[in-house]
Amino acid sequence: LAMLNQTEVSEFILLGLTNIQGLQHFFFISFLLLYLTSLLGNGTIVTMVISEPRLHTPMYFFLGNLSCLDIFYSTVTVPKMLSGFLFGHQHISFGGCLAQLYFFHFLGSTEVVLLATMAYDRYVAICNPLRYALVMSPRTCLILAAASWSIGFLHALMHSVLASQLSFCGHNTIHHFFCDIKPLLNLACSSTSLNLALLNIVTSSIVLGPFTLIILSYLYIISFVLQKVRSQEGRWKPFSTCASHLILVALLYIPVLFNYTPPSSGVSPKRDMPVSLMYSAVTPALNPFIYTLRNQEVRSALKKMLRRKL
């Protein structure tokens with residue numbers, strides 16, 4: 001309930017990345033190109049994975065999920081940010097702000113868990129090739145993908161429900177280009193200790209748990225390859241299939257660890273913004289290139305699909 005003599009805030013103003021006119025036009029064109037690249041690149045991968053029988057394998061099933069996530073993920077923040085570059089500060093209702101926060105954390109945490117699932121898939125493929133088809137059966141893949149989406153869904157739900165209980169009565173300007181949890185907590189009049197506990201404990205675990213699993217998978221893969229594979233060429237093949245995944249992990253996890261794992265109170269939004277841009281706008285546009293440029297199967301499936309179109 002609003003306290004006496006204080007009006008309850010019903011909408012927020014997103015200040016965006018910059019208010020320098022010349023930079024706004026430059027940013028608008030840059031991020032529009034990145035966004036279109038993300039939509040086109042990830043859309044192509046989803047289409048290929050569905051339509052090309054050769055890509056009906058666990059690795060590409062998870063890649064299709066990842067591309068699907070990336071399309072939605074960049075759509076949660078980038079279009080709003082683009083209109084900010086054109087029309088100045090963006091007003092967003094309290095409900096709209098909560099929806100943006102919810103989808104951002106839902107898709108982001110799903111992606112973090114999905115990358116760990118992909119690392120497990122690579123581990124089984126390289127260290128247990130004879131049992132791979134049995135271990136990574138279509139049913140197992142569906143369960144793992146569903147678990148990734150469900151963890152993301154529940155994690156985001158916790159943040160949104162707790163944020164919806166906060167009261168806002170003073171400033172309503174958010175020093176960010178979207179409604180993220182930390183800038184929102186800085187504006188609350190009521191106690192945010194429960195929200196911060198959730199951020200520091202649950203969000204950190206959702207990032208660090210999968211990250212630890214990825215590190216362990218790769219330690220197993222490296223020791224297996226060095227012990228069991230004698231030829232130089234034989235060693236190179238498993239490492240090259242893992243390289244794409246490792247680049248994705250680095251691009252997503254390093255900025256996310258930087259933003260969400262330190263104790264979250266009193267951190268400057270100025271530092272958070274460029275880091276958030278990295279995983280909300282830049283990484284989704286790079287992912288399709290990382291997988292297609294390094295991957296023979298995807299390249300030949302793409303050529304085949306283009307020939308059918310022409």
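Every residue, even glycine, has its Cβ placed from backbone N, Cα and C.
Taken from TrEMBL, the feature domain 'G-protein coupled receptors family 1 profile' covers 41-291. The transmembrane segment feature in TrEMBL is assigned to 26-50, 62-82, 102-120, 141-158, 201-226, 238-256, 276-293.
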Long-range environment of the transmembrane segment (141-158) - Cβ separation under 8 angstroms, sequence gap at least 6: 58, 61-62, 65, 101-111, 113-114, 117, 120, 198, 202-203, 206
Outside the transmembrane segment (26-50), six or more residues from its ends: residues with CB under 8 Å to it: 17-18, 56, 60-61, 63-64, 67-68, 70-71, 74, 78-79, 81-82, 85-86, 281-282, 284-285, 287-289, 291-292, 298, 301-302, 305
Spatial neighbours of the transmembrane segment (102-120) far in sequence, C-beta under 8 Å, 6+ residues away: 59, 62-63, 65-66, 69-70, 72-73, 76-77, 144-145, 147-149, 151-153, 155-157, 159-160, 178-181, 203, 206-207, 209-211, 213-214, 217-218, 245, 248-249, 252-253, 256, 279-280
Intrachain neighbours beyond the transmembrane segment (62-82), with Cβ under 8 angstroms and 6 or more residues off its ends: 14, 16-17, 28, 31-32, 34-35, 38-39, 41-43, 45-46, 49-50, 90, 92, 100, 103-104, 107-108, 110-111, 114-115, 117-118, 121, 141, 144-145, 148, 177-178, 248, 280-281, 283-285, 287-288, 291
